[in-house]
Structure formats: structure tokens, C-alpha cells
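The S-adenosyl-L-methionine binding site feature in Swiss-Prot is assigned to A50, G51, Y52, Y200, N228, H229, Y274. The substrate binding site annotation in Swiss-Prot covers W99, S201, Q203 and is backed by similarity to another entry. Residues annotated as compositional bias 'Basic residues' in Swiss-Prot: 1-10. Taken from Swiss-Prot, the feature N6-methylated lysine covers K40, K156, K349. The feature region 'Disordered' is assigned by Swiss-Prot to 1-20.
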Amino acid sequence: MATQAKRRRVAGPAGSDDDPAPVASFLSWCQRVGLELSPKVAVSRQGTVAGYGMVARESVQPGELLFAVPRAALLSQHTCSISGVLERERGALQSQSGWVPLLLALLHEMQAPASPWSPYFALWPELGRLQHPMFWPEEERRRLLQGTGVPEAVEKDLVNIRSEYYSIVLPFMDAHPDLFSPRVRSLELYRQLVALVMAYSFQEPLEEEEDEKEPNSPLMVPAADILNHLANHNANLEYSPTCLRMVAIQPIPKGHEIFNTYGQMANWQLIHMYGFAEPYPDNTNDTADIQMVTVREAALQGTKVEAERLLLYERWDFLCKLEMVGEEGAFVIGREEVLTEEELATTLKVLCMPAEEFRAFKDQNGWEDDKSEEDSLTITDIPKLKASWRQLLRDSVLLTLQTYATDLKTEQDLLSNKEVYAALSWREQQALQVRYGQKMILHRLLELTR
């Protein structure tokens, strides 16, 4: 979930409030809590791609410290003023997301007049103007993002948020009326804070020897979450026992913005979790999904008699047993690689192999004496696949393209006409970038399977 700084990468419908008071108050707070900002950087709305950001006052070299945040200044379930009660009752706060303790900490601190983090909250985006698709009208979300996987992800989020709020959060607030004012007892506010945590929180990575532990709880990191995102980022967050340090990893010329990144995120993930998409072709981490059940559907289209259909379902059940496929899984295709290489190669192989060969393969529980080159599957390998594999993959791509409301040419026409594109709403532009990036990957697969 949340791992690195989260902020819109491209200019959106943010407010144009240039009031210097929040920044001055925040900088004074930084001094009080020991948050060390390099004199070479400035917090500003000027010269940034979206909202508040950080800009280089002077040239910065790789390895230079941009700022250091002492752990005491982090806002988490462990540092907030109600940490004691959150710890005592942590058993009742268990949830699927794992975010409830932090969200309760935020609900308490944001309504407390004397909260130590008040100057930090002043730099938060306006909660009522968050651009996540969960805040779009359902009809608009489905119309603009049909086929991308986002509407389905949002629906799951909304169900989980509602359940979490009424079964865990509200009962906790009702049990502690002295800690939570009536104005923060709102499902809508809770949804907004979930989106904020999704987009702005950090999650400290586990050490190698801790791999089997539960993931660390999310936390809010003042200053670090001011940075905007760019795939080709020029700064990186480092964790140490006493503080979190943002360090330059590329030369940053004077006047240029400082960017963090939050990993390899496809555009559909960006818009779902953070409310923006990178314009094509900037997002080199973009992907397109082919639902696993779509490949099964494509294979079923090639069956002619009941016996063939029954055998195909037997093959599918065997793939499920091998944990190569699942009813809700997807094969993930990037611009230059198949991210689910083993799963896709094995699925094409099992669904396309002759019946006798499948029987032998099944008897060996999917083990073979020799792993063939066919078991690897890269983008460049696709034209070399067996004809039956290519055909099944092609049919699956065609079925996937049918799930979108528009075709690639429609998207290209919108993107190629600057006046028409500029006239689109912010949401229409972001959704278009998501759809177009996915369709470009899928159409390349059509070329490779021709």
C-alpha cells in the first residue's frame, strides 16, 4: 500500500492560495521539533507541478542531504497523544487495512486545538478536494475508467472503508467521547483520511531478517510528503534509527523541483491510490492487465464439443492447484517485460498442450525433467511462441480490448488535438491517459502475436 511520498505529479485542480503564512508556520515548527531543512531547498507553491512542493534554491549535488526528520516528529499511532489508549486496545483495532490506529490518531490530532502537528496539517491538501476516483460520482467513474480495473478496485475500497468505520472506528470513538469531538464522527471524513493516508503516508521497509514479520504500520512524515512524484526522481528517502533522511540522487539545478518516487506504479494504480496519472509516454512503469479468466474464456471459445470444454476446465483447475491462476488474478504486461512471466507461460502451455501431454504433465504434478525455453516469456519472445500459444494470447488481448468503452483511435484523436484535449475536464484527461497507456501495450501485443 502506501510506501513513499504521495502527491500529484501533474497540475490538477488545486487551489491557487499563495498565502505564505502556512509555510512560515511550518518552517517555525520544523525548527522547534528539530526537523533539519537544508538552506539549499525551499517549500513553495511556485515552480512546482502541483500544490506545495520543494524547490532547489541553489544547485544540489548527488549525496547531499535535503532534510532530516527526527523520529519524534513523525506522526503515527506510537507518537500521537492518544498512543497509550491505542496500544491498550490494539486488539480491538485489528483490520484488513492495518491503518485504523493511524487513522484514529489523525482524527484525534486534527481536532485538537493544541495538537503539536497543527502547523503540519496546514500544508495538507484540502480534504474536500482530493481527486481519487473514490470521490467521483459512480457513473462518471465507470464511464471514464471502464476496462482499466479502477472501478472494481474502488468498489472494494468503499465496501471495506464502510465496514471498517462502522464495525471498528465508530465504536471506538463512541467508547472514548472525551477524545473525539462529534465533528470528526463522519464516514465521509473517514473516507477522506483513508485517501490521504493512501496517498501521503510512508511505510518503513522491513529489514531482510524481518521478512516474515507483519509489515510496519504506516506513518506520516512531515516534509517528505511535500515532495511531488516523478518516475525519474532526483531524491530518495533513507531510514536510520534516529531519523529519516531525504538525499539527492541526481544533480538538481537551481530553481528545479525536488522529486521523490513511490516505486514502480502503473497509471491505473496512480489514479486509484493518488488521484493522478502520468501523461503518455512518461510513465515507463505503466502496465496493462489481462484477467486470468479472460484467457480461460478465450480458450473456451476454441472448444467445439462438451468433452473439449470439460478437459479445458480440468486444465484450468490444475493451473489453480499449481497456483498459477485464480478467479480474480491478472497477467500483468509492461512495456518491455511480462511481469507475470511464469504464470502466463505456464497457462499458455497447459491450455494449449495436446491432451496426452497434459495427462502426463498432470501425473507429474507439473514437474518436468527439462525446463524448456518455452517456460520463459519475455516481450521479445512472443513472436517466437508456438502458433497455438500466440493465437490464445491474441484472442485474450482482443477480449480485453472489448471491455473498454472506446477504441485506441478515439483516444489517439483526443490526444493529438491539443485544443480538444485542453477542453477536457481534469478527470477526463487523467482517465484518458490511463486508458491510452493500457491500450498501447495491448495493441503492441496484437502486433507481436500477428
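Keep in mind that glycine also has a Cβ here, set from the backbone N, Cα and C atoms.
Source: prediction; values computed, not measured.
A50 (S-adenosyl-L-methionine binding site) carries neither a helix nor a strand DSSP state and counts as coil.
Of all the recorded positions in the record (K40, G51, Y52, S201, Y274), the one with the smallest CA separation from K156 (N6-methylated lysine) is Y274. Look at Q203 (substrate binding site): DSSP puts it in coil. Note on Y200 (S-adenosyl-L-methionine binding site): other Cβ atoms within 10 Å of its Cβ, all shown chains, come to 21. Rounded to the nearest whole angstrom, the C-alpha distance between Y52 (S-adenosyl-L-methionine binding site) and S201 (substrate binding site) is 16. A count of other CB atoms within 10 A of each Cβ picks out H229 as the most crowded of the recorded positions K156, H229. When secondary structure is read from DSSP and collapsed to three states, K156 (N6-methylated lysine) falls in the helix class. It is Y274 that, of the binding-site residues Y52, Y274, has its Cβ surrounded by the most other Cβ atoms within 10 Å.
Listed binding-site residues: S201, Q203, N228. The one with the lowest count of other Cβ atoms within 10 Å of its Cβ is Q203. The Cβ of G51 (S-adenosyl-L-methionine binding site) has 19 neighbouring Cβ atoms from other residues within 10 Å, across all protein chains displayed. For G51 (S-adenosyl-L-methionine binding site), the nearest neighbour among the recorded positions K40, W99, S201, K349, judged by Cα separation, is S201. Packing around K40 (N6-methylated lysine) is summarised by its Cβ count: 19 other Cβ atoms lie within 10 angstroms of its Cβ, all protein chains included. The closest partner of K40 (N6-methylated lysine) among the binding-site residues, by CA position, is H229; the full candidate set was Y200, S201, Q203, H229.
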